[in-house]
Amino acid sequence: MNSSESKSLVVIGGGGHASVLVDILRSQQREILAIVSPENISQRRIFSGITHLKNDDDILRFSPDSVNLVNGVGMLPKSGLKRKLNEYFLSLGYTFETVISDSAQVSSFAEIEQGAQVFSGAIIQAGVVIDAHTIINSGVIIEHDCHIGEYNHIAPKATLCGQVTTHSNVYVGANATVIQNITLEQGSIVGAGAIVTKNISSEQICYPSRSVLK
Ligand code: JB3
């Protein structure tokens, strides 16, 4: 079986998030066999020359041994689509590609799990663990020893100081700051620009205008 680096790719989703991923993958000379999206994608030049498939089951024409999948469907708070698509194709034996921009700075002492996506300008320091299928968006800073759970979306330019722990399905909004040693429980949401100085309980929301009290 091909190593992951040389396997051809199929991208699920054809919107803004997928366009950023395809930009990275094209710059890394990766072969993209198809974009799979129910909607028209011709309006985005970045996808030109790539086959457009309309149905997710069209992916089944590619064997799990010959392709890796890239989930290009973004992840906003409470959206379960990314996980639903992943779990379906994982159950069929497919592997999701871990995508890391060449302009991201990722410590060789950090661990990035299957299907995670790290975009340009992100900084990931030593001791960090990024669990599966999480999005570390453009310009994000993940400081030392953070553990970021699966299916998180850390939005552009957010900063997580040292030893922050997030559980699954956490959303940290653009330009938010989470100070050191904070825990964000499962499904918690940090609004764009918020400054988090207290732990956030499961499914709770922290708004920019105030920190959450314990
Ligand atoms: O916040 C940032 C920086 N980016 C956001 C990202 C994380 O999430 C972005 O602003 C958007 O809010 C969102 O990006 P996304 O998912 O690219 O949004 P949109 O441009 O609406 O594209 C969604 C794509 O998913 C479209 O091409 C849809 O056709 C496709 N889609 C929806 N459901 C699907 C399905 N594609 C497949 N293959 N299967 C589906 O079930």
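Each residue, glycine too, has its Cβ placed from N, Cα and C.
What TrEMBL says about a protein is an automatic prediction, not a curated fact.
For HIS144, the entry in TrEMBL reads active site, proton acceptor. When Cβ atoms from all protein chains are considered, those within 10 Å of HIS144 (active site, proton acceptor) total 16, not counting its own.
Annotation source TrEMBL lists acetyl-CoA binding site at HIS153. With a cut-off of 8 Å between CB atoms and residues at least 6 apart in sequence, the same chain places GLY74, MET75, LEU76, THR134, ILE135, ASN137, VAL170, TYR171, VAL172 near HIS153 (acetyl-CoA binding site), listed in sequence order.
Broken down with DSSP, the domain 'PglD N-terminal' (9-74) shows 21 helix, 17 strand, 28 coil. Residues or ranges marked as domain 'PglD N-terminal' in TrEMBL: 9-74.
Residues or ranges marked as site 'Increases basicity of active site His' in TrEMBL: ASP145. ASP145 (site 'Increases basicity of active site His') carries neither a helix nor a strand DSSP state and counts as coil.
Counting only same-chain residues at least 6 apart in sequence, those with a Cβ under 8 Å from the Cβ of ASP145 (site 'Increases basicity of active site His') are GLN125, ALA126, GLY127, VAL128, GLY162, GLN163.
Residues belonging to the domain 'PglD N-terminal' (9-74) score a mean pLDDT of 97 in the model.
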